[in-house]
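Trainee: TrEMBL lists these features:
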DOMAIN    A:1-109  domain 'CMP/dCMP-type deaminase'
BINDING   A:His46, A:Cys73, A:Cys82  Zn(2+) binding site
ACT_SITE  A:Glu48  active site, proton donor
BINDING   A:Ala151, A:Thr193, A:Asp197, A:Gly291, A:Ser292, A:Arg293, A:Ile294, A:His295, A:Gly296, A:Ser297  NADP(+) binding site
BINDING   A:Ser165, A:Arg181, A:Leu201, A:Arg204, A:Glu289  substrate binding site
Number of protein chains: 2
Amino acid sequence: MFMKKAIELAKKGLYKTCPNPAVGAVIVKDGKIIGKGYHKKAGLDHAEVVAIKSVSDKSLLNGATMYVTLEPCNHYGKTPPCSLAILNSHIKRVVIGMLDVNKTASGSVQFLKGKGLDVTVGCLEEACCKLNEIFITNITKQRPFYAMKAAMLLNGCISIKGGVSRYITSTESLEYVHRLRSRYNGVLVGINTILMDDPLLNCRIKRCNQPKRIVLDAFLKIPLSAKIFSFNPTNIYIATRASSDLNKKSILQSMGVNIIECALSGDGIDLIDLSKKLLERDICSVLVEGGSRIHGSFLSANLYDKAHLFYAPKITGSYGAFNVIGSQAASDFSEVKNLKTYTCRRIGNDIIVEGDF
Amino acid sequence: MFMKKAIELAKKGLYKTCPNPAVGAVIVKDGKIIGKGYHKKAGLDHAEVVAIKSVSDKSLLNGATMYVTLEPCNHYGKTPPCSLAILNSHIKRVVIGMLDVNKTASGSVQFLKGKGLDVTVGCLEEACCKLNEIFITNITKQRPFYAMKAAMLLNGCISIKGGVSRYITSTESLEYVHRLRSRYNGVLVGINTILMDDPLLNCRIKRCNQPKRIVLDAFLKIPLSAKIFSFNPTNIYIATRASSDLNKKSILQSMGVNIIECALSGDGIDLIDLSKKLLERDICSVLVEGGSRIHGSFLSANLYDKAHLFYAPKITGSYGAFNVIGSQAASDFSEVKNLKTYTCRRIGNDIIVEGDF
């Protein structure tokens, strides 16, 4: 029950703490919650410290129990170690949801046990892991968390003949896409999507987090007249090869656009190199919005962690249309990618399938 | 309420009355049901007559009301006109769900009104029409009712590279396919499905109606060793061109297989000609199970009335795989086919989308 409360608190920080994990903590004495806190934003106090500070009569902490969704940090980062704050608070028992996957910050279980505290690990572990799927992916895979987003017909086509792809899904689906965008640090498209659809790629919900807008454009074909440039160019990141048109690069940079020079793989951006460079820029989670070849290359490279797939109840032939996955099919069923868990529901007149790879 | 009961009764005959409609009737006197009936099978009594016969004390019929889902027949077919049976029974009021679309049989509303009965039309009309979607299609479009059935990956591929297509969906989906088969008079595949998957195409549910098995094979490529021939060849219908291998045709015929000689359209069977010939053989509803080109040609010819689409939570590239719809994409959104109504639910680990075009 107390860990559930800590998870609820952690969720308040969800999508805002990047590159840090979302963490919640409650302090319990004699079966009552006497303190609580969550991590709001990187650089601000961690959940444990917020919770300790929330207790005005510090004498109450003596012999109290802390429930915290993630192993407290044990190192000096932007803030001092939480393990030390817990020790100094005279809390006597710590119940931890999941161990920290970040080796630099972990170690507080041993530290606190060594100091005589009672430490339990693994309470509601699955829910705590789910909470930090982005953080865990960042640390363990050293890349952003990638989610595939696509709107398609019932047979997987994202366009009709000639690549026309607008207005496949309903207003309700589009609204949900805007909510999704606010949950990711970045949205990403390939240059063909810019050339064909000319999207803004913003989040049209008031006061939402505007995601960084990332365009993969190996040969820097993006026209300076693209709509994406019509506001806030400083949150645009164009990934291109080092040898792309220097003049165009400097015009873009003078507009405030960020250029990420990446290695090539075949005739596209090398996604491993890109991933490293996005993470260096604290872009921890990316909603990949296509098109066909982009989804094909992310899927083939096994980079998708999650999928948000919208289906309109419409169907047409596939010849001359773009399929959502523009890459070679598996030649054996063992190579097909599976959604391990997923949900399926109606959204407006469409269907949405959301799941984890 | 009484019409609802009549609809319930009609449903008992559903899928068994072909080429007749499924019809239910109740007879009500002083607010109580005194008689009921439904049409069980072509050639047997119609629902109205069954209901009248079910009333042992015929004097009760005097002044009673009949609720019947479909306009009573008004002609001598396999049985005498129900309109006459109603008139002779001294029933005074008839409430009808829907008018008969079959001009040969209709006319009883005028007839009964002319004889002084009180006749109302259109009670729960939509539900009554839904009940007889197959019959209505047969009469108004002069062709079988066609339902598309396909099992695919999330991007609409029905195979991986090289056409390998087996075992895409789960056991629960396969079981449901067998239930579906029992609801249609026929199941239909193209020759490529026979050559690649070698299916039995039977219904593996005990005591179910075995659907007729239809193969479109313009050039009579079907091998005599195909598994489909392993039982009951007399329920196999092979549609082929008149000039196909005469020797092979006569071997097949001697096995009991039905050969339907059809016109060609391009290098495939002409679906309009086929439709006419299937209906002549009392094949009123057909579950079209693919593959890609078959679905493409039925969809392009605007022949699909319904869809049963299974999605496994799996995805792979589209290049080198078969998309469920092997035909040219629409070049304008107005040409895309829409499911007017549909449902979407989980079945085993899959998703099923079922709807009406």
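The backbone N, Cα and C atoms fix where each Cβ goes, glycine too.
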Trainee: Spatial neighbours of the residue listed as 'active site, proton donor' among the binding-site residues A:Cys82, A:Arg181, A:Asp197, A:Arg204, defined as Cα within 10 A: which are they?
Mentor: A:Cys82
Trainee: Return the binding-site residues from the list A:Asp197, A:Leu201, A:Arg204, A:Gly296 for which some CB of chain B is under 8 Å from the residue's own CB; sequence order; 'none' if the set is empty.
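Mentor: Going by the Cβ criterion (under 8 Å to chain B), the qualifying binding-site residues are A:Gly296.
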Trainee: In sequence order, which same-chain residues at least six apart have a C-beta under 8 angstroms from A:Ser292 (NADP(+) binding site)?
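Mentor: A:Ile158, A:Asn192, A:Phe322, A:Asn323, A:Val324, A:Ile325, A:Gly326 - these are the non-local Cβ neighbours of A:Ser292 (NADP(+) binding site), listed in sequence order.
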Trainee: Report the member of A:Arg181, A:Arg204 (the binding-site residues) whose C-beta atom has the most other C-beta atoms within 10 angstroms.
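Mentor: Output for this query is A:Arg181.
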Trainee: Sorry to bug you, but what's the C-alpha spacing from A:Ser165 (substrate binding site) to A:Cys73 (Zn(2+) binding site), rounded to the closest Å?
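Mentor: So the Cα of A:Ser165 (substrate binding site) lies 47 Å away from that of A:Cys73 (Zn(2+) binding site).
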Trainee: Cα-Cα separation of A:Arg204 (substrate binding site) and A:Gly296 (NADP(+) binding site), in Å?
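Mentor: Spelling it out, the Cα of A:Arg204 (substrate binding site) and the Cα of A:Gly296 (NADP(+) binding site) are 27 Å apart.
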Trainee: DSSP secondary structure for A:Cys82 (Zn(2+) binding site), reduced to helix/strand/coil, please.
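Mentor: A:Cys82 (Zn(2+) binding site) sits in a helix per DSSP.
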Trainee: Mind checking how the domain 'CMP/dCMP-type deaminase' (A:1-109) divides into helix, strand and coil residues in DSSP?
Mentor: 32 helix, 25 strand, 52 coil
Trainee: Measuring Cα to Cα, how many angstrom lie between A:Glu289 (substrate binding site) and A:Ala151 (NADP(+) binding site)?
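Mentor: Between the Cα atoms of A:Glu289 (substrate binding site) and A:Ala151 (NADP(+) binding site), the distance comes to 9 Å.
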